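K.L.:
Grabbed the feature section from TrEMBL, which reads as follows:
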TRANSMEM  21-43  transmembrane segment
TRANSMEM  108-125  transmembrane segment
TRANSMEM  137-158  transmembrane segment
TRANSMEM  164-189  transmembrane segment
TRANSMEM  201-223  transmembrane segment
TRANSMEM  229-250  transmembrane segment
TRANSMEM  294-319  transmembrane segment
TRANSMEM  331-353  transmembrane segment
TRANSMEM  360-378  transmembrane segment
TRANSMEM  384-403  transmembrane segment
TRANSMEM  415-434  transmembrane segment
TRANSMEM  454-474  transmembrane segment
Amino acid sequence: MNKKDNNDNESEPLIKVTYPRWWRGLPSLLIMMIISNIDVLILNDFIEYHYAKVYQVNSTSSEIRREICLNESSSSSAAFSTTTSKSPIATTTSLSNLVQAATARLNVYIYLSATVPAIITSILLGANCDRIGRKSLIALPFVGKITRYIILSSVVYFDLSEWLIILAVMCDGLCGAASLCILSAFAYVADCTTAKNRTPATIIANISIASSRILPLITLGLYLKSHHFIVAMLMALGLSIFGFIFTLIFQPESNVKARKLNILQQLTQVRLAPVKNILKVYFVKRLESKQRRLLINIGTHLGFIVMLCGHVAIFFLYLYGSPFCFDSFRVGILTVVQISTAVLLTIPFTLTIAKRTDSLFIPMIGCLCYMTQFLILGTTKYLWMLYLGVCIGSIFFVTTPIIRSRISKLVEPNEYAIVFILASIFESAGYYAISAFTNEIYRLSVSFDSGFVFFTLAFVGILPLVFMTYLFIVERRLKPPPIKPTTSINE
């Protein structure tokens, strides 16, 4: 068992320094991430399929839809006209672009409606994470997923109204969505590790999250080529139920004070008072400029989240449209290439560099690589460049977890969860708001430059680069000189 250095709980001497293995928090997290990856793929595919029917695009299969898209994108002036009783109205907007714009518009409504519930849940439950424990907050998002897929399955089967899709995502956000599970899982990892092995553990956890995308993207992408949405959603519902039961039975509790409570008892311990600690923890006086370094690291981490959320929100929709006209299976293959590259790079990185240093140069390189990926996505029309771009961007997923590890080293053990609350808000509520923003940019620009949104995301990367450069200068000033030359002078 891992031993924690400081734990002053005298009432339970037998377990006060004993913690579960840190990797025992990974199974529930991986199940949640598999479901979340199904979310993104299946919802985008279903909404686009829905609007393809609305605009009477002959898309009985994804191959036919792809052929129509390619034909439109290769035409020099794809056009259609609508005639009223007064005069004809002509436009050069292709049918595929209309479907893309309508999909982006509904995505904006979906994400905006889920923002407020996700903010409330992230703040309230996240602030109480150190009080009520980790297990209940890992399990609760599964309840949201169960509700989500009960509603979505009904929408598909009975062909119900679009507003029920919005309701399904709102229920998911109200239960914290995947980001609450991520927050609690990383707090669990921090509980069960020491400063020495926390960086490798954090990197492994991040790459495990990325690796969990491989199976659903390939299998579901292949399955959705024939638009069997109802079966896919029922599978996601079954996986959500399994994840909830698995967490109840097998997920250990890393918070010593909450180990004797069941999940319902833990949730009843939620109070409003800890909410004020969300901001208070960032302004606690700390030695050696730790407060300033903490704030800068948090700012860098939030910048990374904006880039990542924006990319996830728009990537699939962008690839569905011209000039690439991918279907769900081809999107899955491209994403798997990026994930596989990240996993292959993680193995030597974790065994060598991550064990020896957490230098800021490492996440700076990762950020530059991600910005390079965005620039390639925004400009290229060639398939091989697309694959090159995602391979370069994979370095981001390997290197940037160092920032999360650095944050945990700057706070006390009882502050692990609270200090990540702001990040949690960005990863849950922020994800919905950022997704709405990027979808709106895409909707407005799809008619003249569908890749414009990626230039916006690349521009966002400048901010964390500035933060890391400043932090590097601050830490260099705080670092003591290695050896004083006065020794030889005295001799």
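Here the Cβ of each residue, glycine as well, is placed from N, Cα and C on the backbone.
Note that TrEMBL annotation is computational and uncurated.
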K.L.:
Applying the under-8 angstroms CB criterion, which one of 21-43, 108-125, 164-189, 229-250, 360-378 scores highest with the transmembrane segment (454-474)?
P.N.:
360-378
K.L.:
Short question: which residues 6 or more past the ends of the transmembrane segment (229-250) have a Cβ under 8 Å from it?
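P.N.:
Distant contacts of the transmembrane segment (229-250): 27-28, 31-32, 34-35, 38-39, 42, 45-46, 49, 135, 138-139, 142-143, 145-146, 148-150, 152-153, 156-157, 220, 223, 263.
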K.L.:
Would the transmembrane segment (331-353) and the transmembrane segment (108-125) count as touching if the test is at least 3 Cβ pairs under 8 Å, pairs 6 or more apart?
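P.N.:
The answer is no, given that the two segments have fewer than 3 Cβ pairs within the 8 Å cut-off.
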K.L.:
With a Cβ cut-off under 8 Å, give me the same-chain residues at least six positions beyond the ends of the transmembrane segment (21-43) that come close to it.
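P.N.:
Here the qualifying positions are 1-2, 134, 138-139, 141-142, 145, 148, 152, 165, 172, 177-178, 181-182, 185, 188-189, 191-193, 201, 204-205, 208-209, 212-213, 215-217, 220-221, 224, 229, 232-233, 235-236, 239-240, 242-243, 246-247, 250-252, 254, 312, 316, 328, 331-332.
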K.L.:
Should anything in the same chain at least six residues away from the transmembrane segment (108-125) have a Cβ under 8 Å from its Cβ atoms, list it; otherwise answer none.
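P.N.:
For the transmembrane segment (108-125), the nonlocal Cβ contacts are 132, 137, 140, 165-166, 169-170, 172-177, 179-180, 183, 270, 272, 275, 278, 313, 421, 424-425, 428-429, 431-433, 435-436, 439-440, 443.
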